[in-house]
Amino acid sequence: MSVNRLQQLKGHILPQNKITAMAGSASPLTTHVLNTATGVPGANMTLSLHRQDPLTSAWSLITTGITNADGRCPGLITTQMFTSGVYRLHFDTAQYWQSMEETCFYPYVEIVFTINDPGKKHHVPLLLSRFSYSTYRGS
């Protein structure tokens, strides 16, 4: 099949404006949950992203999601919505461990962090076991 014909087919399957939108839709903030007890991604974990109001210190929900099979939650926030400020990622760890018929010490984990340069990519992973967790600023 010629390259020209493939381009035509692609246009019928996925319109050009949709292709462009998807190409530019990478979230500037990403997370990845790793179950360090078993060495596998933390799949199917519910999480939410919040932003703190700088005047009132109140938290506003931005989005909720569930980690995929790779322990990631794509599309957390758009580039346009990602501004300087204080953010919080809330992970529902109790539900995650209960789904595997396990108990845990921390029923949830909240990671609070400051974004000073929203033009850069920020990665906030969660390394998790039933009795401990850690995080770091990744790239």
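Note: Cβ is positioned from N, Cα and C throughout, glycine not excepted.
The domain 'Transthyretin/hydroxyisourate hydrolase' annotation in TrEMBL covers 24-138. Sequence annotations record features per position, and here TrEMBL assigns substrate binding site to His32, Arg72, Tyr136.
Applying an 8 A CB threshold to same-chain residues 6+ apart, the list for His32 (substrate binding site) reads Pro41, Asp70, Gly71, Arg72, His123, Pro125, Leu126, Gly138.
Over all protein chains present, the Cβ of Tyr136 (substrate binding site) has 10 other Cβ atoms lying within 10 Å. Confidence across the domain 'Transthyretin/hydroxyisourate hydrolase' (24-138), taken as the mean pLDDT and rounded to a whole number, stands at 96.
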